[in-house]
Amino acid sequence: MVRGARQSQQPRSRLAPRLSGTVEKPPRKRKSRTEFTLKETMSSGGAEDDIPQGERKTVTDFCYLLDKSKQLFNGLRDLPQYGQKQWQSYFGRTFDVYTKLWKFQQQHRQVLDNRYGLKRWQIGEIASKIGQLYYHYYLRTSETSYLNEAFSFYSAIRQRSYYSQVNKEDRPELVVKKLRYYARFIVVCLLLNKMDVVKDLVKELSDEIEDYTHRFNTEDQVEWNLVLQEVAAFIEADPVMVLNDDNTIVITSNRLAETGAPLLEQGMIVGQLSLADALIIGNCNNQVKFSELTVDMFRMLQALEREPMNLASQMNKPGIQEPADKPTRRENPHKYLLYKPTFSQLYTFLAASFKELPANSVLLIYLSATGVFPTGRSDGEGPYDFGGVLTNSNRDIINGDAIHKRNQSHKEMHCLHPGDLYPFTRKPLFIVVDSSNSVAYKNFTNLFGQPLVCLLSPTAYPKALQDQSQRGSLFTLFLNNPLMAFLFVSGLSSMRRGLWEKCQEYLRKINRDIAQLLTHSRSIDQAFLQFFGDEFLRLLLTRFVFCSATMRMHKAFRETRNYPESYPQLPRDETVENPHLQKHILELASILDVRNIFFENSMDDY
């Protein structure tokens, strides 16, 4: 993840950046353990000459592999964060060394125990680094299968209690390693929707933090407590609980399943473009986040991924499997996660994605950010006259008055204006803007004739829903989990599993019908159909129509700014205000016994 927030002046935990999977800065270089391991052995176990040559070589080889693995792992942080080719060979070498190291310590455990003094927490460190490698590889490739591999190694550390003896040693830096392991494990579990494991880990982490701060006079207690608060808020962000008959919570997955996207009708002619790259940008003030991943970013991330499959056959017996250099088929679009990026950071990653975009492919830009509104008056209506969304600033505004006066005649610098995206419309571009100033992107101009669609959130919500904004945007929730969003606007906070599954089945029917409305429309802009061949984009489009139709029928959504918009505009009478779709929404409301909060005949009420 890109961490533009490092320059942010908002108070935040210094520990949080290390939770995103980014490689930590290595400590000051020390002499190799190889140089003095045998001398230590002599002093504790007899003369050096008494050590068999084979065992001496085993320790030497292990120390070499350990030092080499650390060197390669620390080098990961120097790799460019953008681009998809520069880093693959380095990752291959790193995986190769860790494969040898892991197998070597398994095969020679007794010798290493006796001659090297190998401790269980050191084995845990190796396993933790391997888990981090798989997590890094997931961030680089967006292949969710590698998350399962990271989970495999992190689980083994916990199940085998590799870190259990750390608390008995008077070394706070070892305890911090253990705490960071927990934090990374929680991130992986969140991404895999293993919420039951997350809750157990949070409890264990809380106990570990309490013990750590009690035993050592530390200065980071507040920061670790902030980590706990962040993850607690994150796992409670969903506004609706699905319950089993015994009142246990059902964990729902929002990744694309095999039958998730509505199928195209036989013979239907749509574009053959495929989603290849996505920039997911989060810069909302005060939104719940964990490990530099806001709730909105998390939800959009999952909306652009397929259900993961295991790479290894045995999850509880971790064995390293090196990622293939050339996967036969990319399951998921490649993604960059940018948390509070500066304008230059955002533009750098955008340019890298644009440069490497394959032929017949689409670049998606998702913006979840605070709106920036134009200051002063403007005689024109150009792409820099409507404001945009906020980008992060590198420094404090020292002279606020001077900045304010300058802004009366100049455009806001720390803002992504619609005009900033014009150069990238030379290739197919799909934009989703979730912001209080999303309408700034409504007046796009398609200069180059390439497919271009913008899905724009409402700029305001009814007062009853405004207090929930910290838990994520309603618009993004509709794109990620439309049924949960529908339940939320209907005032429902929990539901039995059986009813949930019944509603999901009906919603799949609604999505199929929406797909037909779009493909059968005679007046729809062809840009929408150009993107319709891709499963991810097709699902986003049908969910957008469902979201817009629901809000237009809901009695609480009465202002124009409460409705989503798009560029190009959709033909309302054939899509979001289609009587057939409105009937479906009323039927869904009837199943949930909330029909009274929707207009029976919305067309007559406008």
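FYI, residue positions are counted from 1 along the chain as it appears here.
Note: Cβ is positioned from N, Cα and C throughout, glycine not excepted.
Listed in Swiss-Prot:
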- 1-53: region 'Disordered' (REGION)
- 1-12: compositional bias 'Polar residues' (COMPBIAS)
- Tyr64: phosphotyrosine (MOD_RES)
- 71-173: region 'Required for interaction with MRTFA' (REGION)
- 472-492: transmembrane segment (TRANSMEM)
Neighbour tally for the residue listed as 'phosphotyrosine', based on other Cβ positions within 10 Å of its Cβ: 17
Residues from the same chain, set at least six apart from the ends of the transmembrane segment (472-492), whose C-beta lies under 8 A from its own: 237-240, 252, 254, 284, 287-288, 294-296, 299-300, 302-303, 368, 432, 434, 455, 457-458, 461, 465, 500, 503-504, 507, 540, 543-544, 546-547, 550-551, 554, 556, 564, 588-589, 592, 594, 597
Reduced DSSP assignment, the residue listed as 'phosphotyrosine': helix
Tally of residues which DSSP labels helix, strand or coil - the region 'Required for interaction with MRTFA' (71-173): 78 helix, 0 strand, 25 coil
Confidence summary for the region 'Required for interaction with MRTFA' (71-173), mean pLDDT rounded: 91
